[in-house]
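Asks: Per Swiss-Prot, the features are:
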TOPO_DOM  1-29  topological domain 'Extracellular'
TRANSMEM  30-54  transmembrane segment
TOPO_DOM  55-66  topological domain 'Cytoplasmic'
TRANSMEM  67-91  transmembrane segment
TOPO_DOM  92-106  topological domain 'Extracellular'
DISULFID  Cys103-Cys180  disulfide bond
TRANSMEM  107-126  transmembrane segment
TOPO_DOM  127-145  topological domain 'Cytoplasmic'
TRANSMEM  146-169  transmembrane segment
TOPO_DOM  170-193  topological domain 'Extracellular'
TRANSMEM  194-221  transmembrane segment
TOPO_DOM  222-244  topological domain 'Cytoplasmic'
TRANSMEM  245-268  transmembrane segment
TOPO_DOM  269-276  topological domain 'Extracellular'
TRANSMEM  277-301  transmembrane segment
MOD_RES   Lys288  N6-(retinylidene)lysine
TOPO_DOM  302-346  topological domain 'Cytoplasmic'
LIPID     Cys315  S-palmitoyl cysteine
REGION    325-346  region 'Disordered'
COMPBIAS  330-346  compositional bias 'Low complexity'
Amino acid sequence: MASIILINFSETDTLHLGSVNDHIMPRIGYTILSIIMALSSTFGIILNMVVIIVTVRYKQLRQPLNYALVNLAVADLGCPVFGGLLTAVTNAMGYFSLGRVGCVLEGFAVAFFGIAGLCSVAVIAVDRYMVVCRPLGAVMFQTKHALAGVVFSWVWSFIWNTPPLFGWGSYQLEGVMTSCAPNWYRRDPVNVSYILCYFMLCFALPFATIIFSYMHLLHTLWQVAKLQVADSGSTAKVEVQVARMVVIMVMAFLLTWLPYAAFALTVIIDSNIYINPVIGTIPAYLAKSSTVFNPIIYIFMNRQFRDYALPCLLCGKNPWAAKEGRDSDTNTLTTTVSKNTSVSPL
C-alpha cells in the first residue's frame, strides 16, 4: 500500500543504511528528486552569493534598509549549503545514509536557516512599515534598528530550533525518508507541546507580522498613488514599483512555506491521518525552493540590485540597463521621497 501513517516513523528509521527505500517510491523517483534538489541548490547558492557579494562590494547598497535583505540572502544560502546538497546526495542514493547524528544535524541546519529566513522576511516587512507608514520613519530608522532586526532573526531561530537537541521535541526523517525535519508526528505530550509552540512562534507569528505590515503598507501606497496628478507622478511611480516588488517577494515566500506549515498543522491536529509519503515530500521541497526565488526578485525587480548583480552574473553585461534616466531613477530610489512617505531600495 502506497500510503503510510506518518506517526510510525521510528528512531531506527534514521539509522537505516544500505538499501533503497523502493517500497516508498521507485528508484527513478529518487533520481528525479536528486536532480531537482541539485539544480535548486546550485541556483540558490549562486544567486544568493551574488546578492551578498554585490552588497559587500558596492557602497551604494550598504544601507540600513538593505541589511535585512542581505540577511535573508545569508539564510537562503545556508539552506542549500547545509541541507539541499545533502538531500540531493541522499536522494541519489535512495536512502538517508548519514545516520542518526547526521539526521539531527541536517534537520537542525535546515530548520535554523529556514526559520531565520522567514523571520528576515518579517523583519523586512516591519522595516518597510516603519519607513513608509510611520511619520518620519526614514529619519528614525537607523543602523542600530537594522542590526537589531538582523540579530533578532538569528536569535529567535536559534532559541526555537535548539530544544530538540536537548529533548524537547526531536528531528526525524520526513516524506520519502531522505531528509530530516522537526518531528511533527510523535504524539507524546512533550513533543506536541514543542510542536505547537514552534508552529505558533516560528510560522504563525511571522506570517501575521508580514500580513499586518504589508496590508498597512499597501494602504499607504494606495493613498499616495491618488496624489500622482498633484505630485507630478514621480513619487507615486516609485511607490508603486516598490509595492509590486515587496508584494511579489512576500507572496513567493508564503506560497512556498504555507503548504509546509499547513501540512505540519494537519499532522498535529489529526494524528491518524494517512498521507502518501511522496505527497508529504512536496511541501518540504517547495519550502526549500524558496531560497531561489528571493534573489531572483531582488535582481529583476530592484533596479539598484539589478544594475550591480546582472553584470556580475552575465560577465559585465546588463541587457536590462535603462537607456535614459538611469542616474536620476537610481538617485530617486536611494533617497527618501515626498513629505508623506519615504522609500529606500528594497
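Cβ from N, Cα, C; glycine included.
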Asks: If you run the three-state DSSP split on the residue listed as 'S-palmitoyl cysteine', which class comes out?
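Replies: SS state of the residue listed as 'S-palmitoyl cysteine' = coil.
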Asks: Pull the DSSP breakdown for the topological domain 'Extracellular' (170-193) and write it out as helix, strand, coil residue counts.
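Replies: Final tally across the stretch: 5 helix, 8 strand, 11 coil.
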Asks: Check the topological domain 'Extracellular' (269-276) for me and report the mean pLDDT.
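Replies: In the predicted model, the topological domain 'Extracellular' (269-276) has a mean pLDDT of 78.
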Asks: When neighbour density is defined as the number of other C-beta atoms within 10 angstroms of a residue's C-beta, which of the recorded positions Cys103, Cys180, Cys315 has the lowest density?
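Replies: Relative to the other recorded positions in Cys103, Cys180, Cys315, Cys315 has the fewest Cβ atoms within 10 Å.
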Asks: So if I draw a 10 Å sphere around the Cβ of the residue listed as 'N6-(retinylidene)lysine', how many other Cβ atoms end up inside it?
Replies: 24
Asks: How many whole Å apart are the CA atoms of Cys103 (disulfide bond) and the residue listed as 'S-palmitoyl cysteine'?
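Replies: The separation of the Cα atoms works out to 39 Å.
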Asks: Across the topological domain 'Cytoplasmic' (55-66), what are the DSSP residue counts per state (helix, strand, coil)?
Replies: 9 helix, 0 strand, 3 coil
Asks: Can you tell me whether DSSP puts Cys103 (disulfide bond) in helix, strand or coil?
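Replies: SS state of Cys103 (disulfide bond) = helix.
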Asks: Quick check for the class: what is the C-alpha distance, in angstrom and rounded, between Cys180 (disulfide bond) and Lys288 (N6-(retinylidene)lysine)?
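Replies: Roughly 12 Å, rounded to the nearest whole number.
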